[in-house]
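Presented below is the structure to which this report refers.
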Amino acid sequence: MESLAALYKNHIVTLQERTRDVLARFKLDALLIHSGELFNVFLDDHPYPFKVNPQFKAWVPVTQVPNCWLLVDGVNKPKLWFYLPVDYWHNVEPLPTSFWTEEIEVVALPKADGIGSQLPVARGNIGYIGSAPERALQLDIAANNINPKGVIDYLHYYRAYKTDYELACMREAQKMAVSGHHAAEEAFRSGMSEFDINLAYLTATGHRDTDVPYSNIVALNEHAAVLHYTKLDHQAPSEMRSFLLDAGAEYNGYAADLTRTWSAKNDNDYAQLVKDVNDEQLALIATMKAGISYVDYHIQFHQRIAKLLRKHQIITDMSEEAMVENDLTGPFMPHGIGHPLGLQVHDVAGFMQDDSGTHLAAPSKYPYLRCTRVLQPRMVLTIEPGIYFIESLLAPWREGPFSKHFNWQKIEALKPFGGIRIEDNVVIHENGVENMTRDLKLA
C-alpha cells in the first residue's frame, strides 16, 4: 500500500481542487478555517473538552489544538498557523513534523489573538469557517462571508466521497475499534459492570472518554432497549443476559462506529435472534452497490425484519408484506439502517442531492433515517439494523385491530434482553462493497 504521506499528498490535491471550484463559484479569494476555541464551563474557570472544527481536520490531522488557523486558496500551499504559546500551566503541543507537514506551510502562532497581524490586509473577500463568528468580525471578515451556507453546502456534499487517504485512516480507526470490541466482549464474559467494560474498551483502543468519536453505548440486559444508553452502571447485574456495545474509535480525525450484541447463553430464543439479525445484515450488505438509493436498503431491511418477526413468532398470522405496509416492523426497528461516516460519526450531507445543497428528506414513514442519497463509489456508510423490545413503542399496539397479531407473551419474555443491533462500516466501490469491519474478522 502507498505510504500515508503519498496518500495525503493526493488528498491535498483533491481538497485544493474543491477549494478552487467553490471559491470561483462564490467569488471569494480564500477560506480561513478555524480549528476552534476552548469554552469555559458556566461560572467556572475550566473548559469543556475541545472538539475541533470538522472542516479544519479535513485538511490537517490536528485534532487537539485550539486557536489554530488555516488559510487555503486552492492554488498556493495551504498555510497553517499552529497555536504555540509560552505556557507553564498547560501542556503545549510542539510544532508538528509528521507525514503531512511537507504539504502544508506550518507557522507558529504564539498568541491566540495574534492571527490578525498574520493575515493579508485585504480580508473583505475571505470566507471564514468556524465556531467563533465574533472572532471573524474582529478580523474584518464581512458578515456575509462568515460560514457562508453555499460554501459549506458545497464542501459538505463532496465530503461524502472519501479520498484514498481518508479511507486508509478509516481502516486504521476500524482496527482500533475492533480491538476494543474484543476486549469488551471478554470483560462481559467475565461478569464485569458496564463501567468496567467501558474502561476495558478504552484501554484496548488507547482512547480517553473524551477521545472517542461519540459516547460509548455499553448496555447490559434491558439497557439495550435504550438506543443511546450512556449511563454506565458501576454494579454488574445479578444475572447477565445480554450485552449491546456501540462504540467506535478515531484515527487522524476519522471515525469508526461499530456495534455488536452478545447473548450470555447460546441456547435461547434471544441468542438465535441475534444470529438471525447478523445473518440478515450480512445478506443485505452483499446486495449493496453504487447507483441504488440508501432509502431502498432501509426499506428492504424492514422486509427482512418482518421475516424474522414471523420466523420467531413475535408477529403471527400476518404476511411479511402486510407487516411492512402497516408498519408493524416500526416499533421493533425505530431508527434508520445507518448513516454516512467520516470526519463525523453522523457525517454531513446525508440528505444532499447535489453540491448546491438540495435537500431530500427521509420518507415520512421512516423519519429517523439519516441518509437519502444514491450510493456512489467512495461513500462510507454504516449498516446497523436492530430489533428492540421498547415498551413505549409497543404500548400503542396493545390496543386496536393489530394487537392480536403481536405475541405479547413472547415479547414479554424477550424484553429483559433489551434489544439487538449489529453495525458494520462499509465502503462503496465501482465493483461492489468493502466491509471494513468484517475484513478484520469481527464476528
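Cβ from N, Cα, C; glycine included.
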- Message: Per Swiss-Prot, which of GLU93, GLU412, GLU423 sits in the Mn(2+) 2 site along with ASP246, ASP257?
- Response: GLU423
- Task: According to Swiss-Prot, ASP257, GLU384, GLU423 bind Mn(2+) 1; identify which of HIS223, HIS228, HIS302, HIS339 is listed for that same site.
- Result: HIS339
- GLU384 (Mn(2+) 1 binding site) has its Cβ surrounded, within 10 angstroms, by a count of other Cβ atoms equal to 22
- Task: Enter the number of other CB atoms within 10 angstroms of the CB of HIS339 (Mn(2+) 1 binding site).
- Result: 20
- Message: Can you tell me the CA-to-CA distance separating ASP257 (Mn(2+) 2 binding site) and GLU384 (Mn(2+) 1 binding site), as a whole number of Å?
- Response: 10
- Cβ-Cβ distance under 8 Å, sequence separation of 6 or more, same chain as ASP246 (Mn(2+) 2 binding site); the residues meeting this, in order, are ASN216, ILE217, ALA219, ASP257, LEU258, THR259, ARG421, GLU423
- Query: In the structure shown, with every protein chain counted, which of the binding-site residues ASP257, GLU423 has the densest set of Cβ atoms within 10 angstroms of its Cβ?
  - Reply: ASP257
- Message: An 8 Å radius from the center of the ASP257, HIS339, GLU384, GLU423 Cβ atoms defines the neighbourhood of the Mn(2+) 1 site; name the other residues of that chain inside it, in order.
- Response: ASP246, LEU258, THR259, GLY338, LEU341, THR382, ILE383, ASP424, ASN425
